[in-house]
Amino acid sequence: MEYTAGKYDVIVVGGGHAGCEAALASARLGCRTLLLTLSIDFVALMPCNPAIGGPGKSHLVREIDALGGEMGRNTDRAAIQVRMLNTGKGPAVRALRAQTDKRLYQEGMRRTVEGQPLLDLKQAMVEKIIVDGGSARGVVTRTGARFLAPAVIVTTGTYLRSRVLVGETSFESGPNGQFPAVGLAANLRENGFELGRFKTGTPPRIDRRTLDFSRMTPQHGDEDCPGFSFAAGNRGKEQIQVPCWLTYTTARTHEIIRENLDRSPLYTGIIQGTGPRYCPSIEDKVVRFADRERHQVFVEPEGLHTNEMYVQGMSTSLPEDVQLLLLRSLPGLEKVEIVRYGYAIEYDYVVPTQLAPTLETKAVSGLFLAGQINGTSGYEEAAAQGIVAGINAAQSVKNGEPLVVSRAQAYIGVLIDDLVTKGTREPYRIFTSRAEYRLALRQDNADLRLTERAHRIGLVSGAHYERFAQKKDRVRAELERLDRTVVPDPLGRVSRAEVQDWLAARGSAPLSRPCRLSELLRRPEIRYADLVGLGVADPDVAPDVAAEVENQIKYAGYIQKQAAQVARFEKLEARRIPADLDYSEVRGLSNEAAQKLAEIRPVSVGQAGRISGVSPADIAVLLVYLEKRRRREEESDGSRIGHLPSERSGELGSGTG
């Protein structure tokens, strides 16, 4: 029997990375919010790798932080090793990666959720979305509790009709032995949503006391590394850093896999879901890359106070006895004991082209989806969708302007645009290569790109916004100073001889004339820190300010070129397409284009052009049609204005009062 258990402004279903960001954003925007999760002990669970960040992913985390989200701050508190990746490459692809203590991460996020005003955390399994008149009205739990709200966000991760597979064994289960969400999957189908089926997996966890670290190569973190959060500044240098360890598969490893492929659900046809291309299982790697003699395997700590180690690169669904044989074939793991066995997990997802760029579903107003339910993989991708869904659900309740981030503004925009415009046939993972304007979308300038928008919405304020405003002012002031300061100094504080010697020491060409510091800094061999040695830079400039200044100066030409490309992109994005447009009336469109456009219903000409099957010729036809429609509407409006009744003619009313 159903009963009304509570009324809220926004309800979030699922307490993973997407759900936490969504619920926090909604509550921080003043909406009374309910977060329902299968187990409050598993809030912000990290069921797979104990790490945050990496190429593309660190950009998302910085953007979440710039919007006022929690993942960056929580990662900084829970980090046990931090490294900057791709330091030998340009700033567009440099990426921060943090090894985290899983328990610290979970506990920190749960404390934040429980301490957030206007946010209630409750344990329950949701089985039904209440839909009335095409709008979401709330949810119903397995026990019949009805929670009502005009906005619902579903962030169920990999739990929708999930099934775990190990060798020949399979059973209904979510990650880490949790319940699967079977009823909710059926309810989404009943509400007309198209669902697909994906697969992912996780490697075994092993006991560190059974490892021989002398046979592996240590991988240490960076000593002076920034944190993910702009608000918190640099990580505390007192935080403990622990090593990860590198080993490799062997010929024996590959032999064991090939001998047991007939016991792998991946190759026996038991697994039906599509797996992630960029995170394949070890058996898949050995088969697909048969010419490779070995594959890297990283042994990573799961926390400071546990003996569990994560074996990155060994995701598998092979039987348990085979998993042990595999691991014991690796150098350093000859006597290893497994604490938790690896497994594959199949789950349903909602085809994401059924969503608007706000992450609201097109079929049911007030219903938002975020995270792996939309076909993505990864904690960071989930959290990024979560904060956008949380903001937009709150804004819809408050009748505020929605937040739509374009692919020219953020990796979050790239992620969401790819999902809602192109869809995905495999678990979607973000990469820097997916962003056309990546030089403008660096991880170091996420705050300069997004924090002002978050401040206008009301998500960023106080010390966080003050720090951002100060950084912005300091960057501008330092850019202006470097542009007006000349060396050799006309006042003689830095002589010509000093400058030439300084340049020679750095292998840089001598000056033939006085030169602005900004020109000097454009030279690839000159760094901002070098200017301090010359006595022409402020040694107290914060590292984040110095990095931003250096990047803006060194890559000014490329950034300007990309800005011109962005301007063209935004021009097409500004050409809006009426929501009621009947594409069957647009003569000249190919049949495929008309079908795809009607199915996805893009909001702009720019988005239409990114739909698979829509050609440049189709876009040209669409532009002509939209222009003709605009002119007809203008003429119609003008005609109506010309026939408005006038007071002089007495047509506005002839009553005598």
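Note that Cβ sites are derived from N, Cα and C of the backbone, with glycine treated the same way.
If you look up Swiss-Prot, you'll see Gly14, Gly15, Gly16, His17, Ala18, Gly19 marked as FAD binding site. DSSP gives Gly16 (FAD binding site) a coil state; it is part of no helix or strand.
Around Ser281 (NAD(+) binding site), a 10 Å sphere centred on its CB holds 27 further CB atoms from the protein chains shown. The NAD(+) binding site annotation in Swiss-Prot covers 275-289 and is backed by sequence analysis.
The annotation compositional bias 'Basic and acidic residues' is assigned in Swiss-Prot to 632-650.
The region 'Disordered' feature in Swiss-Prot is assigned to 632-657.
In terms of Cα spacing, the binding-site residues Gly275, Arg277, Cys279, Ser281, Glu283, Val287 all stay beyond 10 Å of Ala18 (FAD binding site). Comparing Cβ neighbour counts within 10 Å across the binding-site residues Gly14, Gly19, Gly275, the minimum falls on Gly275. Listed in sequence order, Ala44, Met71, Gly371, Tyr379, Glu380, Ala382, Ala383, Gly386 are the same-chain residues at least 6 apart in sequence whose CB falls under 8 Å from the CB of His17 (FAD binding site). For the recorded FAD site, residues Gly14, Gly15, Gly16, His17, Ala18, Gly19 set the reference point as the centre of their Cβ atoms, and the other residues of that chain within 8 Å of it by Cβ are Val12, Cys20, Glu21, Ala22, Thr37, Ala44, Thr155, Gly157, Gly371, Ala382, Gly386. Between Gly19 (FAD binding site) and Arg277 (NAD(+) binding site), the C-alpha separation comes to 25 Å.
For the binding-site residues listed here (Arg277, Lys285), the lowest count of other CB atoms within 10 A around the CB belongs to Arg277.
A 10 Å cutoff on Cβ-Cβ distances gives Gly16 (FAD binding site) a total of 30 other Cβ atoms nearby, all chains included.
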